[in-house]
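I have placed the structure first, in the form of structure tokens, so that the comments after it can refer back to it.
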Amino acid sequence: KKTSRLFTLVLIVLAMNVMMAIISDPVVEAVGCEECPMHCKGKMAKPTCYDGVCNCNV
């Protein structure tokens, strides 16, 4: 019985990791103004900030 509980825990952790990976995808990610230049670096971008949301303007 103990193994199934451990298995469930592992599944939950994996699911959380997948969710975090999806959420932290750059397309979805809302980057603050101060991180905007770093976030857009190397993308031939002109970073602008609108309503606290970073936009790379690639």
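Cβ atoms are placed via backbone N, Cα and C, with glycine included.
Per Swiss-Prot, signal peptide is recorded for 1-21. The disulfide bond annotation in Swiss-Prot covers C33-C49, C36-C54, C40-C56 and is backed by similarity to another entry.
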Secondary structure at C56 (disulfide bond), reduced by DSSP to three states: coil
Neighbourhood of C33 (disulfide bond) by C-beta distance under 8 A, where only residues 6 or more apart in the same chain count: C49, G52, C54
Of C36, C40, C49 (the disulfide-bonded residues), the residue whose Cβ has the fewest other Cβ atoms within 10 Å: C49
C56 (disulfide bond) to C36 (disulfide bond) - Cα separation in whole Å: 8
Densest Cβ neighbourhood among C54, C56 (disulfide-bonded residues), 10 Å radius: C54
Where C33 (disulfide bond) falls in three-state DSSP terms: helix
DSSP-derived structure type at C49 (disulfide bond), helix or strand or else coil: strand
